[in-house]
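Colleague: Can you read through this structure? Questions will come right after.
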Amino acid sequence: VGPEPFQAAFGKSPFALGLECDLAQNLVGQPLVRQQVMKGVREFLENRNPVKPLVMSFHGSTGTGKTFVSSMLVRYLFQGGLRSPYVHQFSPIVHFPHAERIEEYKDSLRHWIQGNLTNCGRSVFLFEEMDKMHPGLIDVIIPFLGPSWVVYGTNYRKAIFIFVSNAGGEQINEMTLDLWRARKDREEISLQDLEPAISKAVFENPQSGFWKSGIINNHLIDFVVPFLPLKHHHVKQCVLSELIQQGLEIRPSVVQEVADSIPYFPEEEKIFSSTGCKTVASRISFFL
């Protein structure tokens, strides 16, 4: 992989088709995510001169596929995937644990991004657990996200920034449940149905890393991507995939038992998985 590691003409290449097929086959129960991610990535990578970096924000409760999608995306963009020198992951708990050192973190983060974009303008930056990020810290990267030609002497418009957050998950779950009760099929839910609830939960929450952020005020996020809660049949698909991945025998009774062992909400109807597919892998051994 050279200094321009993203695949050329991605949208027309086997890589785009590969990503689309992989998402269709392996990302369970998230048609809206598939549609938004493919639209964002394809448009961005087909544009030889984008006016700004691609900025996506993934929201949803645990186990719905946020980390899975971000790692799949970088696997198609870079040889080595998450281990590529052009992919940079940040976790507030690991990299920015102490609130009193926020100014020091701001300097480090700005220099880190600047240095890596100088090395390779086609870099990906993954910010995990944005709901645990100290408010104010993330604003230091604003100059790298907007439509400008050069920042700190670096051309950065071909980078991709992905924010991953559980924030908004509760609201997405409530909205999905309300729509289900109103007889609206889960697959019919649109971004417009969910956006107001996500905005309120994520961007107006004093505990959120996006609290009063210029990233929001300046409309620098291109795609807000909601991950919906998963139903019982989605969890069964996850169990099936995990059995195949582990090279284990496919027994319908095991698939059913593992899926049944997971908690569902609301208490009465038990429609959606409380943990998505998060605990599927660890539960399988109990039922074999």
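The backbone N, Cα and C atoms fix where each Cβ goes, and this holds for glycine too.
Caution: TrEMBL annotation is automatic and unverified by curators.
Given the structure is predicted, the values throughout are model-derived calculations rather than measurements.
Okay, these came from TrEMBL:
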- Gly60, Ser61, Thr62, Gly63, Thr64, Gly65, Lys66, Thr67: ATP binding site (BINDING)
- 230-287: domain 'Torsin-1A C-terminal' (DOMAIN)
Colleague: In sequence order, which same-chain residues at least six apart have a C-beta under 8 angstroms from Thr64 (ATP binding site)?
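Modeller: In sequence order, Gln30, Gly169, Phe227, Leu228, Pro229, Leu230, Gly276, Cys277 meet the Cβ cut-off.
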Colleague: Rank the binding-site residues Ser61, Thr67 by the number of other Cβ atoms within 10 Å of each Cβ and report the first-ranked residue.
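Modeller: When each Cβ's neighbours within 10 Å are tallied, Ser61 tops the list.
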Colleague: State the count of C-beta atoms found within 10 angstroms of the C-beta of Gly65 (ATP binding site), not counting that atom itself.
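Modeller: So the Cβ neighbour count for Gly65 (ATP binding site) comes to 26.
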Colleague: Other residues near the ATP site, CB within 8 A of the CB centroid of Gly60, Ser61, Thr62, Gly63, Thr64, Gly65, Lys66, Thr67?
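Modeller: The surrounding set, listed in chain order, is Phe68, Asn166, Gly169, Phe227, Gly276, Lys278.
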Colleague: Mean pLDDT for the domain 'Torsin-1A C-terminal' (230-287), rounded to an integer?
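Modeller: That stretch averages a pLDDT of 95.
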Colleague: What is the number of residues in the domain 'Torsin-1A C-terminal' (230-287) that are helix, strand and coil, as DSSP sees it?
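Modeller: Looking at the domain 'Torsin-1A C-terminal' (230-287) with DSSP, the answer is 32 helix, 5 strand, 21 coil.
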Colleague: With a 10 Å radius around each C-beta, find which of these binding-site residues (Gly60, Gly63) has the fewest other C-beta atoms nearby.
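Modeller: Relative to the other binding-site residues in Gly60, Gly63, Gly63 has the fewest Cβ atoms within 10 Å.
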Colleague: What's the most sparsely packed of the binding-site residues Thr62, Lys66, counting other C-beta atoms within 10 A?
Modeller: Thr62
